[in-house]
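Visitor: Below you will find the structure I want to go over with you.
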């Protein structure tokens, strides 16, 4: 039978361990009014000898300040200040001026909140020394007023049946659901509902449309907190700006109370637990508790992780194909053949000697694991996979918009309020202009491009400087590799000399990883500073500009070393007798005989795994816990008192020690960079999707645990999509097609093998390919001082990997015609691969509709039902008016009824059309 679903009642929750620990501090002292929001501020308890004087002085100071402000507004001079002992006055002024000023601002701010109808309750007698708490409660009439202003869609009494799809698709869906039933969390939210409440924007005039039988639960804790947050942040700011209030110090923090309810316990047990890593997420509960914006992030992360499963399977198959065919690979067999006696030219000047090609046997065999015909297929597959992922997410997003009643929501409705910093700059500009012109400005000023020009110039210079720093560090690692390779070749230890390449590759990759981790933190801070300099008008504009700068810097930081190895290493070398040098002493690096693909794979794997293990997981676990520990230490709490005090603390005190929510930018950013690792260089590392999948399985539960247990509850924010992140994903997917085309064409030996097989091979096989790719060099043509000091082999000719004429030809060491044939084939492959794959991606995009058909029908049905609802309401009003009128009035009313109806019905149509998505 079907699995029983867990439904936790209020009584069960209160007697649970989490419930008993959380129920303290959720209400005002009367036990009836719920705490919707918390403000904290610093308090300094006065000494007993000075308390009375301080209290009276504060009252006088506050009174005179308010009086002075009022007279200033009326254009009169302030009254004279009371005089006293000068010495005492100066001492009191130095000690209490700032405290009084902060308290005055805070009380003025609280007065504004009370004028808005908000109810406040202070608590300074807490077990958290030095911190006072202001509990905020929004009464019913305030919630109704703000819900109407915010255009919140709330469920009406009208219920309609959702049409269930029929046919073969529905039967397949039913079968899949039965098979995957054990993977769903044991929550009621996952039950398929056949009915849905018709939602409409809340209006106080139309309260009869909504089910208000239980007013306490009509607006849930998430909605109440978001309403209060809007009031606190925008509507209460008359003379005191709330953001500046926190920056200047009167208030330390504001946060939503962790409302411990049955939903919270279900999230704790069925979502934020590593034991349920194999189950789907209860996205509906996540949205219900944290809001739509965070719900969309976890829905996107879950879909991305789900889509990585087929990519991982294909990647593993490609890797296993390479393992299975390594013994049949003719080029590596020729290199490893015991009779192979090809002598290669030295890998460095003076210290390095001649070496036998068969010494590169291990590298050649390992390269085949990642450089085989299957990798071309995998690159095409991953490009189509990225297109499928984008389309699947658009459909999933539309389904969530319908289920969460966001189909008529526009983000501009809630994101147009100017930021505090912007208003402050505008005010400064206005005052400066008034001071110059000696006139009061009527029109409100705004910041122009000219005002922001210095910030824009600073942005351009700093961004270029940071990118230059990244290039400089990559160049430094190149010099490290060159010098370390030379030093190791001079070692007397034969084991050290035999493992030079592996040692240099691995240590350089680790150095790159450490530098990337450090610069990531630096670049994040620089990007925020540059965005603050620009003074964007709205929070949405600020967030988008910050994301763009951070993405550019972190993307360049993560992928510059990889791009160097893929496209530049081994191509700026020169040839024996005419090598290219840096600073006249550092000879540029060469690739191993198997190509740079193996080194690219090592760099990519170390960087990707290192970032995931250290940055994404270790930092996310360790840093919040460390910050929480620091807060406990600052509040003078001892470890042996921890458990006892935890039981006595109010809920808002416990939340005070949690880490503040810093936004979803870091979470999205690490996933976008990971998406780059999965798609950009997948031709060189087919196991990348598998490692990403394993990381994301942990990442989902890690983020869930962080949101539930380590962070303060964020204010619920509405959003209908993932915003600029979708555009960045599309850009990465497009760039991935081009980069993979160049990796296959120029970094791997796929094209040279094809050219040899079909143009130069005598029997159409790969026999003789290795010899075909090696050129000859006469050792007598070495530059003075560049030949080996202690040559182990006495040779006249050595070989090197390049397409050049032999020394006995009429044009020795000139690029041969084979080089130009291979180059033409490489460029042709890039053009064909790029256009074919992008065309296939566009076909996938065109074939899959953005909106699922059943959702499109349901949205259309909702619009029809809404029109019917309002027409029925209009008819009810007309009948009521007719029943209240006398007979003569009825006849007169009937004569005008068609006009009234013709006016009312189009109004309803136009309203519903305006909400069309």
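Note: Cβ is positioned from N, Cα and C throughout, glycine not excepted.
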Visitor: Kindly point out the range from 647-670, 671-694, 695-718 that TrEMBL annotates with transmembrane segment.
Guide: 671-694
Visitor: From 584-607, 608-631, 728-751, 752-775, which range did TrEMBL mark with transmembrane segment?
Guide: 728-751
Visitor: Between the candidate ranges 427-451, 502-526, 777-801, 802-826, where does TrEMBL place the transmembrane segment annotation?
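Guide: That would be 502-526, the stretch labelled transmembrane segment in TrEMBL.
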Visitor: Please determine whether the transmembrane segment (671-694) and the transmembrane segment (460-482) are in contact (criterion: at least three Cβ-Cβ distances under 8 Å, sequence separation 6 or more).
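Guide: Contact absent: fewer than 3 Cβ pairs fall under 8 Å.
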Visitor: Cβ pairs under 8 Å with the transmembrane segment (728-751): which stretch of 297-321, 374-390, 460-482, 502-526 has the most?
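Guide: Going through each listed stretch, the top one turns out to be 374-390.
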Visitor: Using Cβ distances below 8 Å and needing 3 or more such pairs, separated by at least 6 in sequence, tell me whether the transmembrane segment (460-482) contacts the transmembrane segment (546-567).
Guide: yes
Visitor: Tell me whether the transmembrane segment (374-390) sits in contact with the transmembrane segment (297-321), defined here as at least 3 Cβ pairs under 8 Å among residues 6 or more apart in sequence.
Guide: yes
Visitor: Against which stretches of its own chain does the transmembrane segment (502-526) lie, if we need a Cβ under 8 Å and a gap of at least six residues from its ends?
Guide: 462, 466, 469-470, 473-474, 477, 480-481, 484-485, 488, 496, 550, 553-554, 557-558, 561, 599, 602-603, 606-607, 610-611, 614-615, 666
